[in-house]
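Trainee: Per Swiss-Prot, the features are:
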BINDING   Phe69, Ile70, Val71, Ile72, His73, Arg140, Thr341  substrate binding site
BINDING   His327  heme binding site
Amino acid sequence: MACPYLGSGELTHRVTFMEGGEECQQGVNKVEMGFGQTYSEYLQLDKILTAQRLKSEADGQRVDDEHLFIVIHQAHELWFKQIIFDLDNVRKLLNNTIVDETKTLKIVSGLDRMTKILSLLTEQITLLDTMSPLDFVDFRKYLTPASGFQSLQFRVLENKLGVRQERRIKYNAQHYKNVFNDTDLKTLNVTEEEKSLLTLIESWLERTPGLKSTSEDEGFWIKYEKSVNKYLADLAKQAADPSNTEEIAKQLTAEYHKTADAFQSILDPRQHEQHIRNGNRLLSHDATKGAMMIYFYRDMPRFSQPYQILTFLMDIDSLFTKWRYNHVLLVQRMLGAKQGTGGSSGYMYLRSTVSDRYKVFLDLFNLSTWLIPREYIPMLSPRMVKTLSEHSNLSHSQSSESD
């Protein structure tokens, strides 16, 4: 049977036949013709595939698992490079006084790819569990003083995301930069000085449309405060219901006061600022209000992609936490309570990093504290419905064309 992709006409090149005499599609071997570069040349595989040099083998005591150990860590560094590449593109799109809303899909796509890579890494690191602790001991001596703590790209990634220096856990009671040389320190200093993703997201959220009151609309936050007060009043009414037993009344009253205190901490700007100073919150009050508005009205066309952005930011934090946790379990399994190859306290140090201190977008997780039932969510004015139904950049472009 003739291959359907050949079409009519004479055959001028070689044709390969499948088993049974079935023709495959016509093709040309461009390598034989000297056309362009090969797959191996394009990917520079001669460099990549010769970079797995086993120290144990050079010492005449080859340990096969060292090969896996090297490949896993090299693969991590390649993926870190891709995440940083995508992160820089996202930061570039956000680093504008007015973010082009027609570009938010690119931001969403970039963050989506980052989460997929991080998801892959959380699974990839578990491949090291296929080594036995005894096999690891056989080649561990060749690693000293090399340590994953010295991964420049991982620290660059943390800084570009927005991990605050004051929130870092001390490494052997020292600053994290002490393990890097002068060239690497310059790179790290630049990443500490430039705007992180957290800073850019904060500025973007502060400009959420409809957040502030105008002559035409009183704004989201004023309406939200009124709705919260109504919600709290209803909770107080439930607690004071004469039909409640003494025990139920006590529980409902305690719940009311706890809920009221939680809402007061976000409604009062001074309390919010105090939480920032205490290190419990990272986003400004206006940025937090913007995120709240996006949460409540995520079904509006103009907020659908911003809501996805906020979701992916939390996914990034979650996946980093999962990766750190998997790493901790791996180290505990392989080393127990031994000191790390770089001189750290090993398991104990790594376990301390699996905490909210390293969550860049912790405030987004905590937004659920101040969500109110749907029946209390403030209604949007007709003017605001129109505003949130049209992308500002698209509307401006269309009006310019009509002019």
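Residue numbers in this text run from 1 along the chain shown.
Quick reminder: no glycine exception, Cβ is built from N, Cα and C everywhere.
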Trainee: Just to verify: the residue among Ile70, Val71, Ile72 with the fewest other Cβ atoms within 10 Å, which of the binding-site residues is it?
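Mentor: Among the binding-site residues Ile70, Val71, Ile72, the sparsest Cβ neighbourhood within 10 Å belongs to Val71.
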Trainee: Taking every protein chain shown into account, which of the binding-site residues His73, Arg140 has the largest tally of Cβ atoms within 10 Å of its Cβ?
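Mentor: Max Cβ neighbours within 10 Å, all protein chains included: Arg140.
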Trainee: Hey, does DSSP put Ile70 (substrate binding site) in a helix, a strand, or just coil?
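Mentor: Looking at the DSSP assignment, Ile70 (substrate binding site) belongs to a helix.
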Trainee: Report, in whole Å, the straight Cα-to-Cα distance of His327 (heme binding site) from Arg140 (substrate binding site).
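Mentor: Between the Cα atoms of Arg140 (substrate binding site) and His327 (heme binding site), the distance comes to 16 Å.
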Trainee: Cα-Cα separation of Ile72 (substrate binding site) and the residue listed as 'heme binding site', in Å?
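Mentor: Rounded to the nearest whole number, the Cα-Cα distance is 12 Å.
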Trainee: Round to the nearest Å and give the CA-to-CA distance linking Val71 (substrate binding site) with the residue listed as 'heme binding site'.
Mentor: 16
Trainee: Roughly how many Å separate the Cα of the residue listed as 'heme binding site' from that of His73 (substrate binding site), to the nearest whole number?
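Mentor: Here the two Cα atoms lie 12 Å apart.
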Trainee: Near Phe69 (substrate binding site), which residues of its own chain have a C-beta under 8 A away, given they sit six or more steps off in sequence?
Mentor: Leu128, Met131, Phe136, Phe139
